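*Asks:* The following block contains the structure, expressed as structure tokens.
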Amino acid sequence: MDAQKEALQRIISTLANKNDEIQNFIDTLNHTLKGVQENSSNILSELDEEFDSLYSILDEVKESMINSIKQEQARKSQELQSQISQCNNALENSEELLEFATRSLDIKEPEEFSKAARQIKDRVTMASAFRLSLKPKVSDNMTHLMVDFSQERQMLQTLKFLPVPKAPEIDPVECLVADNSVTVAWRMPEEDNKIDHFILEHRKTNFDGLPRVKDERCWEIIDNIKGTEYTLSGLKFDSKYMNFRVRACNKAVAGEYSDPVTLETKALNFNLDNSSSHLNLKVEDTCVEWDPTGGKGQESKIKGKENKGSYKFLKIVFLLSKELLTHFEAVLSEIFLFIYMTFTFYLLP
């Protein structure tokens, strides 16, 4: 009966743990789904902004080109209008001179005819019609302002999303937890020379396994890590575990997170043993106090080298941190041995 109850209790415990694991996974999926919806909305907004920026640039370039064409049109029109005006004036003067010359042919008097002929000759010599260039200063050609956006269209057709670095892989074997510090090491699944830096995120937890969405602390971020290893020092191991994840970044965008890794951050915890301590030491869990009565209800006299007077009672209290480093055990042993030998020396007759 007892064996069956024990087996059933183990089954219940296993089922409870599995249910807790599944519920945590469901919470993770819901959190991921919410993140997909929020991030998709943000990305769509950014995409609209980017295309609006392209449209704005195209509109600016179009406006600039239109202004260039209009300015060229105005320049050529002004040049041609000026030439037309000059030609009209020259033509008017030339027609007047032609009419005068024609009338001069009817003059009968030789002297008057000679005078008219000399005037016509002088006026012809000074006539603007003979100094006027009959070549247009500008042409009607506007081909130098034509455009061909075939290359640009091809470039626009090749628009695509930014290349994203692959997710790194944290190597638990290469990770180290010691001396209130944690060293995390990772590697890329394949070489990527476009990676600029890495982002490491960590948080404390009291649950083993996959990170939990609910009842968890926020991720702390360490940015701009150039190598594939990082050491967090000066930590306070006030939780059982720590979650770690890392992502790679190129010059433009950050990639996917690595699979999270949970490392145990066990602190050094120990209690003092009252049963094996000296009679005059009053020992509690993390406190040592000198008791002159030795538990017998009478004072013990401590004699010095010259047997003069009595020493004041010695009281030593150690407040031992629950987060002492592992390698301090040897040092603490030496301290307790020194105290014990000191007490023994003073108690000797």
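Each Cβ is built from the backbone N, Cα and C atoms, and glycine gets one as well.
Quick paste from TrEMBL:
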- 70-104: coiled coil (COILED)
- 105-162: domain 'COS' (DOMAIN)
- 164-268: domain 'Fibronectin type-III' (DOMAIN)
- 330-348: transmembrane segment (TRANSMEM)
*Asks:* Count the residues of the domain 'Fibronectin type-III' (164-268) that DSSP assigns to helix (H, G, I), to strand (E, B) and to coil, and report the three numbers in that order.
*Replies:* 3 helix, 49 strand, 53 coil
*Asks:* I'd like to know the mean pLDDT over the coiled coil (70-104).
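*Replies:* Across the residues of the coiled coil (70-104) the model's pLDDT averages 92 on the 0 to 100 scale.
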*Asks:* Is it possible to list how many residues within the domain 'COS' (105-162) are helical, extended or coil according to DSSP?
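*Replies:* Output for the domain 'COS' (105-162) reads 31 helix, 0 strand, 27 coil.
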